[in-house]
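**Q** Let me begin by handing over the structure; questions about it come next.
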Amino acid sequence: GMSIAVLGPTFPNLAANVRKNVSDIYYIFVGRSLGYLGGSVLGGVLFDCMNASLLLALSMLGTTAGLYGIPWCKESLLLTILMSVIGGSMGILDTGGNVLALNTWGSEAGPHLQALHFSFAAGAFAAPILAKMALGGSESEELPGAEKTNQSVLKSVPTASAASTTPALKDHNNEDFLWSYIIIGTYILFVSIFFFVLYSKDSSARDKSKASAQKGTLAKYHWPLVGLLFVFFLFYVGAEVTYGSYVFTYAMVFAEMKESEAAALNSVFWGAFAMCRAVAIFGAAFLYPGTMILMSLLSSAASSSALAFFARYRASLWVGTAVYGASMATVFPSGISWIEQYTVVEGKSASLFVVGAALGEMCIPATVGYLQGRFHHIPVVMYAAFVTSVMTVLLFPIMYKLANAPQENDLKEVSDSETRAALLSNSRLTEDEDEEDVREWNDADFEVIEMNDKLKSSLMDTSHKIPGDSPAEVSLQPHLDDVLGNSPGVAGGSSGRQNGNVDWEKSE
């Protein structure tokens, strides 16, 4: 944040250092943007095969070298090369910071990602203050046209005051301007040293990060989801940078505000942006990333609608700008936390997110500036904010649908569970049938036993009625149970008893 924001207030000094007009060195922004894109892509590849702490340390070391070299640069080509080096280092840092946060905290990375992106806003806020302190306030005294010259950079219109004041800047403020870059470069150097120490203490960080990344599984539509998020971030970041860059001009031209009021409106946007990112650090601990994205998208849609159709009212312009800035604050870190819940975010995936954001930062402001130059009486910046908000609102439900698509393994598990349930239900039916069969057999056994009892009683009655039985034979009837039980104790019985046994066997 400090490395990017320090360029604004020191831009006239850089032009004086290379003996150019401020409108003639616009290509240093192109060089930095191209370096940022290249660094994002390169970082995505390197983070999958290098130690994260080492790569971050090297990237910050490259930023330090660029910041140290810029104040001493006397040629515009060399200045552009140094800006490209800084852009590439920051692209690697942006990609690696998000990946390292996800690999370190996993599903609990929401508050940490919000804090990471808040640090960008804090650095961007602190750098202009540091630059003004380094310049010692002499710029306002010696160069009354410097502020107007800086505004000409936004409008890309050369001014005569820029050419006339560059010698004064070179003579009086070059030494003070030098210190702002050295202070920021030294701060980044200390941070890179801490990353080198972290790398030396934990040489297995790469293996740990890879192991943590392999814990999850890729979503069914992983790359379509990554592609849609690429487009989503392109519109979101493009809208954020576009409004922050052109709201000052809109306030001056369309709202007919004074310069101080227009600057205050611009500060309201970035102030609400920074404050909401600070609050989101604590809010991310209680809210799901998807909930935060939905709240941000609804707020941006409502505020951009008010800005597009009711900006002629001062109250609507001020409130809409504040709400729009606040709604933009949490989308990028929440989007990375959200997609991490559904798929694995590695270096290549994260680099695509950063590249999408960088392309939005380059293309959408340039497109809005071109259209605004063609259609002077139409507030293109407000309509651009509305259109980009509509696009993000439409894209998020599609991404949510793709993220929640069931995987083939899940479908297989569901079918297996249904099969097991069917088998269990069939086994229960079989057990019930077995139990019914057992009950039927038991009932049959009881019927047989009852029949045997009746048979016994009938045999005993007939044995009493057999003619020729002696009283001795009648007295032997209590032992009939032994005979019915096939007892062998009747071998020496009389013929009458033998006939009775044979009759009983026949009847049985």
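Note: Cβ is positioned from N, Cα and C throughout, glycine not excepted.
All TrEMBL annotations are machine predictions without curation.
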**Q** Which residue range, 115-135, 262-282, is the one TrEMBL calls transmembrane segment?
**A** 115-135
**Q** Can you name the far-off residues of the same chain, 6+ from the ends of the transmembrane segment (115-135), with a Cβ under 8 Å from a Cβ of it?
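**A** For the transmembrane segment (115-135), the list is 1-6, 8-10, 97-98, 101, 173, 176-177, 179-180, 183-184, 270, 273-274, 277-278, 280-281, 329, 332-333.
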**Q** Is it the case that the transmembrane segment (25-47) and the transmembrane segment (77-103) touch, counting contact as three or more CB pairs under 8 Å in which the residues of each pair are 6 or more positions apart?
**A** yes
**Q** Out of 54-71, 178-200, 221-248, 377-400, which stretch touches the transmembrane segment (77-103) the most, going by CB pairs under 8 Å?
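**A** Looking only at 54-71, 178-200, 221-248, 377-400, the most contacts with the transmembrane segment (77-103) come from 54-71.
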